[in-house]
């Protein structure tokens, strides 16, 4: 709507004449104006009223308008005069965009009408404006939207919707990309405008898509049918999606269409558009339809009272042309509003200059609202065909495209409209005057003509207009860079410097694009004054570094600009050997980071920098330096590039022996403050670096050695830690050199829970990095590095420290190694730490001697640990005594106070002392004069005259022996100990360990007792010292890992060595042999073939034995690398032949059936595991260990650990080196299976379950088995024979004798002894094994002979395996297999079955065969008939007398007389009468239909049923024909009993809350007999559920049909309402037709089985072929298979039935589905999952509601209430408008005695349609009466009768329920209320009649008369 002419943005009129002055910049707004608009936005975009307060006027409306026109005319005249007079003449100027865009704020109006159409620009857009935009980009944190006028807006992720709980900030990219798509039209609102900091003069437009802002001011009344609204998807439900409109109390909903299309692709948070289809004003729910065609075609209706606030961008309106403007059209729409359309939004985007002719006044068109400005109340419309169709205009061109043949369509004052020949359709383009003529002032009409073809280049795109912006300037076609797509990394181009700042320079290409040259790239060197380097306006040559997010970066470094080397701009371009230029971005100690083009980055390791050893990279390189580098490796997937500054690769050495972990020697070249540089001795000149920390394991010794080393000194043993180019990193640490072969250099060499040596390479706050060989590095987190959680890592370790690391985890995928450095898990297990200290002490002593000769070190040889030495006292002080030695210079002795032994020493005296310790570096000897040391020593002194007397080495001490010691001297690094128990032998122990060097050490005192272990005896490697390990240092006992012995050439595989046993383990002997070699002897390497249970009994620790080395240590396993494999088998030691590795491989060959021996090392519940050899293990399954049950029960006891067990090879897994054994011989030819032996044995056992087992099971085998399942009915037992092999024991093969319950005493999991009777293969390729548990079979009896009872009782125990073994009149026994109404089947053996007809079941009549002959019952009978060809056997179960004739034949008619009263049972009901079995006679009589009743009887079958007990009178006896005529009329029985000959009906008063079965249930009830369980009511759980789906509970009384159930037909007519007579009669007819159809089906199905019931599968196949659409037959077939325990076959029959039954027979198919439900519910594995799968399939083919009800019935009958409740909840959600579903929910709740019924009722009333409320409430009340609380039922009835007091059907049902309860006072009171109503006579007659019948049944004559009197009174009052 166009605003009044002189109103401003705030709506206030300003009468000041200053306000009418011409404005030079009408669009420029002050900061205050913007701030005011922002404030308005913050106040939720409230409109400011025209007159905020006061200011009334006395002028009328017409007078005001006239005054405004006069002022406007005067103002326009003044404006024109002032323009002309200023400067004397008007100036020519280029028309600006502001002139033809039109104003939104009153500056461009002419009279009452605007001169220009409203257009949006950056200068007039303001907060609060609503616009229609199109999504152009979906970024990680925002959305870019193209707005009208070519503007670009941004939407933050937090402004896309009103939802705050979506977690947008966690994963914005995924969320925004899911709910928005490029090209989507969206309505938005302007939040704020920001000045773009990156580009001056541009403003950022921040938008919001929140509907709470767009729909502000809307109310529920604003929603009208047919309107289009935007909404956010709040949640997705089963039936549709819940929508959010941004309004607090209004909810939307979109239902899922039938085809489900509406649901596809819809996601939570998505913004959609929909047409209002339904409005629920009660619940304030608006239903929408999101059909795109409906949304696009929907017009906004012209509603009364619509305000400006209700207009939303995107609305389609019917607009009428009001006038044509200079650059558009003015429309009015919706009666009250005006809007404009500019030239670029016309219907034809390529309109020529005559476009105005197309829009005549009052012409109506469809337009869509483009934008709305609430402040000026201006509206923009669009006629663009695509936007009107609710689609974004397509664009077929791109920025930078050049078109040589663009056609001029129209020439305007502001520019040219062109037609670009794009495909598939032309695209309009507009060229402004500036881009067409440049700075020249010229008229476009003179230069261009319409229809001309010109060359144009696309500058940009306006997506909302579908318009391209072009230029005709020549400069636009010249430059190589015009758009961002033209920019390629590495390209060289010219650019002009336009600005210079402290961060760099901004340059501009010839095409207009801008780029940045960072400060570091302005020169090769550091630039301090960039403005002097770059001059604004200078044109320079640059190289493009990259273009990311339309931001171009360039460089001016000369080396890069002029480089001729290949450009590296992507990781895929990086190939090994590529040489290119880059620049350094970061320098670290371990290398440099180098960057290339487009952000590609690589790393140069330190050894590839080409530095001299000891040089610092920072001193050689600087950040920003351009370098030439070579790619050494590239991993494209992980984007890792490794580089080298050494262009030509060089090898470390030509000597291949130098590799990681090798030992080398070298000569010191130079020494720096941090490292020692050595020249390594090799074929080529190679240098190595030894850091100061790697000179020794002890930190103090390393510093001392560093100070003593000099160039030229030779270092003999150096470990190669790492090879860095042509340099090597070396180490002189003894701990690493000693275990060089064990140090890992690759992930594959690491094994969790092993301990390895390494060194600390770096420390951080969170942990410690430990390095091994090469660059293999692990990390020890702080929690795993120190035992004390409060300790600091930096205070516990130092860089370079030797450590022992426990490998916790190895993650090769992430290349991560997790370590533990805790002393508790990494303590030393040897004395290497203190040993290294003494070795380094010797080395330091040698270094200290200026002349390394023997004479300088010879003094040490004069002293020996523990020997006596003679010396002279030099001086004495508080600490002790200093001693001089004769003929030994510069060596002193020292006796501490503790070791003076109480003697008084004076200077000059001579003493003989014991040597305790020697410090070669300090040239000091520690001595002792303690008597116990001296006295013990003198006992071993010889009588020689030598001054030097030596103690003998104690032979009693052994390695690993634990001893008690006494501290003699406490040194800084070690203790001097004596061992009193072993002659005071002197030993040495370290006070710290590798990992505790920096930690405080435990304080020891002289004389303290400690416990230690002997780790090394005196030898040259220990400097002649006995080395001990303190328990306090090790923390735990010695682990299994010990130091690895060096490999000696004398030890070879096959050599015989002498070894000493150090440890005896359960399955191996640990030995030491040779020079520090360690090995083991496996338990299988002791004896040749003996099965001794204790092979190690003859060995003891310390024993010396001879053994042969049979295998080298396994290098792949770090834990076992130190152990050689040895053997002491006699045959192995005798064999002098050459031994090699081939002998080892021969032991891995095994043949099937081969007998092998192993030793038990593990037993679990199922398997016993054996060690067969060093590398091969075996396992035996529990059932393969014995065939006796009692032995299997004691399985674990029979196989103690270490026992020798033999077995026969069944299978062999060569890959895992595992045998499968059995303990019974296998009957087949031996065959090698080491290489497979066949296709089956190639694979592991698990891959061929059961196949190998069945190959070695034969008929007649006696096996051990375990009962895995007791099958239902007469299915027998399922017995497990192997891990994956099962067999079946037939019901008749369980016991020898015929016992009533063969399964009694058996349980699942029980072990049994069984015999294989038969092995056969099924059609599926699986093996079926028939077993027997009968002890009478050969091999099954535990005694030597059978009992006499079993031998003599052949008839009882015999099993007839063939039909030929049977003959008529032979006595047989068997078990009932299944029972039907026509008879039953019995099983005589596992192969023979027989049929028993109903007439032969019993001597007397059998009323219910299923109950009297249940499945599994033991019966005895006689064979009547045998048909070998058809394999049919008929048996009778009737008993016989002595004469062999039936008892019934012994009776005679003479015993009966005419007139006698007899009792009996109805045998058969015929249309002509009843056949009655007369009790105690066995004879049958006929009662003709004429003799049944005194009245005429139409339908005999409806009144009488077979099996009912009746009384009758004998009317006639025909002895010739042996016929008896009976009569049952009442008159015949008057003199007898009062009992009438009528069926015994059920008590109608005892009603339950169970559904009533339809008539079909009687037929289908026959399936109860086929092996299914029954409930207490006798209803089948599996197949009888077929009828329950159509069942109606007795409480579900249809109130519309209530008359049918409660009254006779005459009463019904009185009760029916007149308006419903036709409808109800139709329903009654339908019900009657349905009942007749069910009866026909029942009769037909009965006839199918009348003549001959199928007895085997072939007969059933014939039957289903003849009646393929009968579900009854198919279900019978399923039941038959289930009776045979063949569940899979029953399933296959169900599947066949579903495929076979015609698709039109929906009821029959549904019957099969329900039977399928019950089948899976009983036999599924697991049942719940199996039923669910079948249920999901059934829903797709049948009526879902019926399927749900059927499954609910299954769950309720099987009392699975949790599943039933879960299903009911789902049903309520899916069918919430179904009354039946809600009633089932209430019925279920009442059954489970739940009290919260009212909440269910309330929910149901909210969901159900109103017309179903009465029915629901009344039936709920009936349920309460019958199953719940009667008072609640009364309350419900009373409530509904208050609303509908004249509904006699409600009164009738209410009365019936009260009558059923039997409270007379309540009933009579209710009747009194009913007959007091004012109802029509017919209804009152019905009530009175019901009252009268009630009183007749329970009352007396007085009450009957009372009712009659009340009826007369009513009749009289009515007639009056």
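Glycine residues also receive a Cβ, built from the backbone N, Cα and C atoms like all the rest.
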Query = For which of the residue intervals 1461-1508, 1557-1604, 1605-1652 does Swiss-Prot record region 'Disordered'?
reply = 1605-1652
Query = Among 1535-1555, 1661-1681, 1682-1702, 1703-1723, where does Swiss-Prot put the label region 'Disordered'?
reply = 1535-1555
Task = Quick one: average pLDDT across the domain 'S1 motif 12' (1153-1224), no decimals.
result = 89
Request  = Determine how many residues of the repeat 'HAT 5' (1828-1860) DSSP places in helix, in strand and in coil.
outcome  = 27 helix, 0 strand, 6 coil
Note = Taking DSSP H, G, I as helix and E, B as strand, the domain 'S1 motif 8' (753-822) contains 4 helix, 35 strand, 31 coil
Task = On the DSSP side of things, how many residues of the domain 'S1 motif 4' (400-473) fall into helix, strand and coil, could you say?
result = 9 helix, 37 strand, 28 coil
Ask   = For the domain 'S1 motif 9' (866-930), what are the DSSP-based totals of helix, strand and coil residues?
value = 3 helix, 34 strand, 28 coil
Task = Determine how many residues of the domain 'S1 motif 12' (1153-1224) DSSP places in helix, in strand and in coil.
result = 12 helix, 34 strand, 26 coil
